[in-house]
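Enquirer: I'd like to ask some things about the structure below.
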Amino acid sequence: MGLFVQLNVVLGIFLLLRAERVLAAVVSEDVALPYCRLGFQLCEDRSGCVLNTHLCDGENDCDDGSDEDNCPTVCSVGHFQCAHGKMCIWLRQVCDGVPQCQDRSDELNCFKPDDGCAHRCDGNTRCVPESFVCDGDVDCVDGSDEANCEENPDDDDDDDEDLLDEKEEMTGEHEVSQNVPATKGPLRCSIASKLCRDGTDCVMLNHVCDGELDCKDGSDEEDCPVQCESGQFQCAHGKKCIDRRQLCDGVPQCQDRSDELNCFKPDDDCAHRCDENTRCVPESFVCDGDPDCVDGSDEANCGEESCSSAEWQCSSGQCVSLSMRCDGHSDCRDHSDEEDCAEPPPCSTNRRCPKSHECLLDEWMCDGETDCKDGTDEKNCKESPVQCGEYQFSCSSKTQCIPQSWRCDGSEDCRDGSDESACASVSCPPHLFQCGSSECVEFSQLCNGVTNCLDGSDEGGSCQTEKCSEQLKCAQDCHSTPAGARCGCRMGYKPVDDGLRCADVDECVERPNICSHRCNNTLGSFQCSCSHGYVLEPDGHSCKITGEPYLLASVQSEVFLLGLRSSSLDILLSAEKRFVLSLDYDWQKQRVYWINLNTDTIKWLSLDQKNKGTFLKGISADSLAVDWVARNLYWTDSENSQINAVRLDSEIGRSTDRVMILGEDLGQLRSIALMPQKGIMFWSETGDEAQIERAGMDGSDRRVLVSKSLRWPVSLTVDSLHQRIYWTDEKLKCIGSANIDGGDVKLLQLMETPSPFSVSVFNDQVYWSDTKRGTIQRAHKTTGKQRQVLLKRPGQPFGLKVIHGLLQEDVSNPCESQGCSHLCVLAPGLKAVCKCSTQFLLDEDGLTCSKPKDSSFLLFLSPAAVTQVYLQNRHSDVTPQKWPEHRRFDLPKMNHPNMLDLVLRDLTLYVSDTDQPLVGLFKMKDAALVPRGKLFQLHKDSVRVFSVDWITLNVYWSSEKLPGIQVTSPDGRFTSVLIREGVGIIESIGLEPPSGRLCFSNRIQEGKMSMVECVFMNGLNRTVVWRNSVRPTSLILTDEGNRVYWADTGLAVIASVGTDGSGYKEIKTEEGLMAFTLVNKVLVWITKKDSTKCWFSEDEQRSGKLWFEVDTEIVNLKAFTKSRQKGTNLCSNGNGGCNQLCLAFPGGKTCRCAHDHRLLDDGDCRLESHCPENSKPCLSEDMCLPLEQFCNGVADCPDHSDENCLDDKQYKTIGINPKSFAPGLSENIVPANVESEMCDIKLCKGNGKCVSRNGKTVCDCHPEFSGENCENRSGLLQGPVLYGVIGLCAGVVVLAVTVGIIQRKKATNQRRAAHTVDMQETGMKELEKRREASSARSNGKDTEVSEENVVTSVD
């Protein structure tokens, strides 16, 4: 309190000293002044006196303005006219370091000496270097370079010559000798000289008492003053006094030059001294509109700065972009940019200010902020009841809500003051006395006979009876109180043991926000300090950055640059067609980067507006952030649930250069913020499970920071100074913050944040945009008070960023010495990590990216994704608690996937699902799995296991309900039972297509041992190779089909045996063995206990080595390599000449027909005829049913095979290609789909196939039938079987994509139309649509991806 009082006193004195009107005589208030004192002039209305120095200074000091009347328009000779034209000063006062003109024009463009030009002379026509001054050689015509120079007392001859020259110059008598008088009379000295006592010499006055003997008798140094008078400076030699005004004036008056030593030299950090030289502020603080000196001198004598030619100068002096002049929106604080306009522009809201005609939004009416200059938008306002948020306090009036933290904080924030009513009593600090009525008073006010407490509790009692005594032995103070003598502690201390001891108060701990930046506790007090580049303000608590900070803000499709001190406002970008959602800047390159709504590019613009361009194309982005340390740009991709990065210094970025930093277990990504100083990043996720997460900028050390008190975090920013993150929550309508570890969560719910969008933090202020109010505001980041509207325009504001050089501080870049071949990113602890783009892998050196030398890789199947990991990464230096270098593919349209297989030649992925009766097909693209439909679909059944013959693309499978092993053709039309007898539960099927061998596990009876059996792929030559397994799974055939491996999850071993039953081997693993695979003689398996661990072994005789450990649930694992899917058999060419199924065996092949067909000698298949006309057999072939009972939703066959149908309505009206077949799923083969099967039954009576001819669908009858609808039988009765059907053919894909493109174009046109009709359409709605569309895509909608971007290349 004492410090506060002192500051107020100083400020009061300063204001009195700066008073511009001074009364010359003390008279009564009702009597006009009759006269003024010397140095003052009476105003014409005789209301006051004004200093002569304030006459004609460009400012009105008299009420009638008479002090500025009759001012000279042209100054006389020898005078200088101030820029405002009202004042003349002496020329010698120009550039003297003290501004006499109010506009400081007398101190502009002043000469500043440097090494090459240190002394001007000859009427400023010549300038000589410092070395030419006082060098004994006259270089200036006027000789001023050798005037007032220090003489050498040791050189008598020189002294004599100099003195003679000086005397000659004074008297013009060249013949006078210095040593011998010219005449016998007394020597007469010229003016400005003094005669020595012995009469033999004359000494110039400025050499008298200069500390050097000039007279031979030394009389020039006698009778010198020992102490200088007030207002004078004593030279260091002690013999001379000079006027203080001559100190540090650039000209040495003392012979020892002590008056020019230790002079203040302004620099960037210290340009203006004030407060009696106790404080120095930078140049940027001077005349910035914010007093930084207690004496206010940094804001004195400030003239208006001129605006550039591209700006309009407001009446207040503020500069705004010229294009804002008369645009219908007030951009000047004083509204002057909308005055004197010829015609106001159109107003889309049809609501204007009545006089100034500015355009208003409905939300601006009665919002508590004056938008019309005359205040009409805030008149006749009615207060209505409001609903407060869960983190707000409702004022008693029910018309106002305030943050909960404002309740009982000692300051009335409710208009009715109800927030400070019914508050608990606040205890006083230890150095104050608490009255019974709760007030706090000084101890010195007790027992003084004056009542200071409202209840009088500071007087009476034991005041007079019990006094302080020596026996009390207080540590600091003793006070007489109404309760008797008491020990007390001074400010900064707290009492211990009833005040007998006093302990220091740690203000830094007890009041953590007492200092703006850093707090250092001292004994009995504390001291605030500031970070580099900041200056401590006079209040001793706040810090101010050097140089003006700016606010970068987007309002719909425009980008503004707002000076946070000068309030200058410029438009950086105005030609964009789409909203600018997110932006950031790079101080080093002076660039702004931004993202538009619904575009696939990131663009840039230089801050000087001279250059702009497209930085990156072909990407999906929602939010971006600049890593100024490692020189990278990060962005979130909510469409693909990824966080990506690319080099910032690439002139033209390509989407293929990007590196995926994170791509798994990410929700609906929204915003990203970086903290490169620590190598960490933060991002927010919206949706059902909103949260804020943190990880290293390389994706490591990932953790959830905030998941509670969170609904829809749309924006995120980092406060590096105080190690906190801030976010805006659109649904909670608040601004939240937490420390960078996720603790100390605080929410600030203001009435002024109905729809907060973007947030930025700078120093003590938080900045936010609000799309509903159309405003950009700021407030104190801790309290939410001191709120101020910075920008208010009809468009919706989105992105925000405070920019300043110190906010992107210079930090040592560890990537500079890392030597990464592709992209170097930062990791926690400011470490460097190399990353590779898609199609490349990181070599074992950890630096080089190259295409895979060996295409061997693993596919891990988890409930929501397929993860690809290359085998060569098993030796990489990876933290075991994370995935190695990998690619993650979200798995759409699957609920509980249980098994996968992959055909490398066209990258078709097969996935089965325990919750769905189907096998789904997907195309593996660069960054996604593109659904290609269903191979077949069962009725009330699901596929347990399957394996794909990668030569013929036949699929061998077994289901939960159908016994045995079935094989289905690649188009899904033909299925045959391969093994039916002696089969129980099959856990795994392994194929070796080149050798024609197949092995499977067989558990005939629950609780009994399982067998491993092998058979030819045509079902013949069945052999049991091992009988003592508990639960064998993950069967793999190797060595040309001569050896089979499996994982026995019951015994926790990996076993192998020859297909002839010999040579059994096993490796013991950890408990929890789940799956196994083998590739290139490397065994890989996974175990599951508390977490999922992946192991590998390169030697079958040794136990495994831990590769990595993750929390992800892995349900299946398979390995693939280019060498494992090479080879041929007799089915390779033309399907082996078979009409339906070609099944290989060692050295041969077998043609097989579907279960309702019989094989002819030429390899063709013909329908069996044991069922009546218009009927079909069940799969078990022991029952025939009418055609209308197939696929009608009711299971009639005992094995339900009549309902093994696809029923997707989206595949209707698809044209049917002519019947044809060749092995492989290629773009030229169009397998039949469900609609074609339904067409076969309904149009062709089940006796033919639907085909497309000349654009029409007609029947192609089987040989035994004829007629338009195959209704005429010409031979034996036969009927087709509807069994497994392929789900989505290439034709469906093409149509689905076409429909998608049409819908996309239609949606785009609708958006464009909406944008044209109403530019005020809420941007948040568009964002919601984008999120919904993205969510729908992530849930499995077909997406067209370029064929050029393939996951891997297999030779």
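Even glycines carry a Cβ here, placed using N, Cα and C.
These numbers come from a predicted model, not from an experiment.
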Enquirer: Among Cys401, Cys408, Cys440, which cysteine does TrEMBL link to Cys423 through a disulfide?
Expert: Cys408
Enquirer: Can you say which of 754-796, 1313-1355 is given as region 'Disordered' in TrEMBL?
Expert: 1313-1355
Enquirer: According to TrEMBL, the disulfide involving Cys319 connects it to which residue among Cys307, Cys326, Cys332?
Expert: Cys307
Enquirer: Determine, on the basis of TrEMBL, the cysteine among Cys270, Cys274, Cys302 paired with Cys287 in a disulphide.
Expert: Cys302
Enquirer: Choose one of Cys202, Cys209, Cys241: the cysteine that TrEMBL connects to Cys224 by a disulfide bond.
Expert: Cys209
Enquirer: Pick from Cys228, Cys235, Cys241, Cys263: which one does TrEMBL say forms the disulfide with Cys248?
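Expert: Of the candidates Cys228, Cys235, Cys241, Cys263, the one TrEMBL pairs with Cys248 is Cys263.
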Enquirer: Looking at TrEMBL, which one of Cys347, Cys353, Cys366 makes a disulfide with Cys359?
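Expert: Among Cys347, Cys353, Cys366, the record in TrEMBL lists Cys347 as the disulfide partner of Cys359.
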Enquirer: For Cys326 (disulfide bond), name the DSSP secondary structure in the helix/strand/coil scheme.
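Expert: Assignment for Cys326 (disulfide bond) reads coil.
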Enquirer: If I restrict to non-local contacts, at least six residues apart, and a C-beta distance under 8 angstroms, what lies near Cys302 (disulfide bond) in its own chain?
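Expert: Sequence-distant Cβ neighbours: Arg104, Val286, Cys287.
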Enquirer: If one measures from the C-alpha of Cys453 (disulfide bond) to the C-alpha of Cys428 (disulfide bond), what distance in angstrom results, rounded to a whole number?
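Expert: For Cys453 (disulfide bond) versus Cys428 (disulfide bond), the Cα atoms are 13 Å apart.
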Enquirer: If you measure from the Cα of Cys332 (disulfide bond), which of the disulfide-bonded residues Cys149, Cys319, Cys326, Cys381 is the nearest?
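Expert: Spatially nearest to Cys332 (disulfide bond) by Cα position is Cys319.
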Enquirer: Once near-sequence residues are set aside, which residues in the chain of Cys1261 (disulfide bond), 6 or more away, have Cβ atoms under 8 Å from its Cβ?
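Expert: Once residues fewer than 6 apart are set aside, Cys1261 (disulfide bond) is near Cys1244, Asn1247, Gly1248, Gly1267, Cys1270.
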Enquirer: Sorted by position, what residues of the same chain at least six away from Cys440 (disulfide bond) have a C-beta under 8 A from it?
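Expert: The list for Cys440 (disulfide bond) reads Cys428, Pro429, Leu432, Phe433, Gln434, given in order along the sequence.
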Enquirer: With every protein chain in view, what's the tally of Cβ atoms within 10 Å of the Cβ of Cys326 (disulfide bond), excluding that atom itself?
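Expert: For Cys326 (disulfide bond), the 10 Å Cβ neighbour count is 17.
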Enquirer: Using Cβ-Cβ distances, find the residues under 8 Å from Cys56 (disulfide bond) that belong to the same chain and are at least 6 apart in sequence, listing them in sequence order.
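Expert: Looking at Cβ-Cβ distances below 8 Å from Cys56 (disulfide bond), excluding near sequence neighbours, one finds Asp67, Glu68, Cys71, Pro72, Lys86, Met87, Cys88.
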Enquirer: Within 10 Å of each Cβ, count the other Cβ atoms and name the one among the disulfide-bonded residues Cys209, Cys224, Cys347, Cys366, Cys428 with the highest count.
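Expert: Most Cβ neighbours within 10 Å: Cys209.
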Enquirer: Compute the average pLDDT of the predicted model within the repeat 'LDL-receptor class B' (679-722).
Expert: 93
Enquirer: In the three-state scheme derived from DSSP, which category covers Cys381 (disulfide bond)?
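Expert: DSSP assigns Cys381 (disulfide bond) to coil.
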Enquirer: Residue counts in helix (H, G, I), strand (E, B) and coil for the repeat 'LDL-receptor class B' (679-722), per DSSP?
Expert: 0 helix, 24 strand, 20 coil
